[in-house]
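Residues or ranges marked as N(1)-(5-phospho-beta-D-ribosyl)glycinamide binding site by TrEMBL: G11, S12, N13. The feature (6R)-10-formyltetrahydrofolate binding site is assigned by TrEMBL to R64, N106. According to TrEMBL, the domain 'Formyl transferase N-terminal' annotation covers 1-181. Taken from TrEMBL, the feature site 'Raises pKa of active site His' covers D144.
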Amino acid sequence: MRVAVLASGRGSNFEAIARAILEGKINAEFALLIVNRRTAEAVQRAEKLGVNWIYVDPFSFPSREDYDRRLVEILKRVGADLICLAGYNLLVSGLFVDAFPDRVLNIHPSLLPSFPGLKPHWQAVTYGVKISGVTVHLVDKGVDTGPVVAQCAVPVSPEDTPESLADKVLPWEHRLYPQVVKWFADGRVKREGRKVVVEGADYNSLPAVPALEDF
Ligand code: GRF
């Protein structure tokens, strides 16, 4: 399996995935990081890790579909077969999703379907929930609506701000996302409609469901 990551900013989830691959914890190769912002910190991380990256400027394409068509072309050329969106701030179009059926993942820092879209930590704190967390899901044509692969619960305290909650959730993102990539690499992920199942995984304990095995 060849993994590609699309990122727009800090790139800490990209680094968690790429490191896990480079360290041999995942039976996969790292194909490419694509960024849509020239200044994305993810690029410095890629340089440090010594993995391939490319900046593709969305504003030099007449439409989002044209941009995505170019990305698909690049991803196919490098042989990527699992695409991880990680802090990628553009919605991918239908043609992108259709190019990699059941092979585009996203990470969203809330327990979906609660708090999709922008500012999930602000939404969670403002709503007053006592448990938030993180979701890794397959990408479909909606916004954060695709079938859930794995989730991890994180407690919310009365003192939490969106920033402090983000700090609590992030370390779990860095464990959950590589774990899900590993499950894909090991061929253990099956989907029936909206139900995604990781074969042989433990679905009976918290905070992560399925339970983390390697990260
Ligand atoms: C993460 O919280 C991710 O879940 C969300 O945006 C943030 C990106 O962080 N979609 P990073 O760029 O991976 O450090």
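Every residue gets a Cβ built from N, Cα and C, even glycine.
Note: TrEMBL annotation is automatic and uncurated.
Taking every protein chain shown into account, G11, S12, R64 are the binding-site residues, and of these the Cβ with the most other Cβ atoms within 10 Å belongs to G11. A straight line from the CA of R64 ((6R)-10-formyltetrahydrofolate binding site) to the CA of S12 (N(1)-(5-phospho-beta-D-ribosyl)glycinamide binding site) spans 25 Å. With a cut-off of under 6 Å between the Cβ and any atom of ligand 1, the recorded positions G11, S12, N13, D144 reduce to G11, S12, N13. Its own atom aside, the Cβ of D144 (site 'Raises pKa of active site His') has 19 Cβ atoms within 10 angstroms in the protein chains shown.
Neighbouring residues of the recorded N(1)-(5-phospho-beta-D-ribosyl)glycinamide site, listed in sequence order and excluding G11, S12, N13, comprise A7, G9, R10, F14, E15, A16, A42, R45, A86, G87, H174 (Cβ within 8 Å of the Cβ centroid). The distance from the Cα of N106 ((6R)-10-formyltetrahydrofolate binding site) to the Cα of S12 (N(1)-(5-phospho-beta-D-ribosyl)glycinamide binding site) comes to 14 Å.
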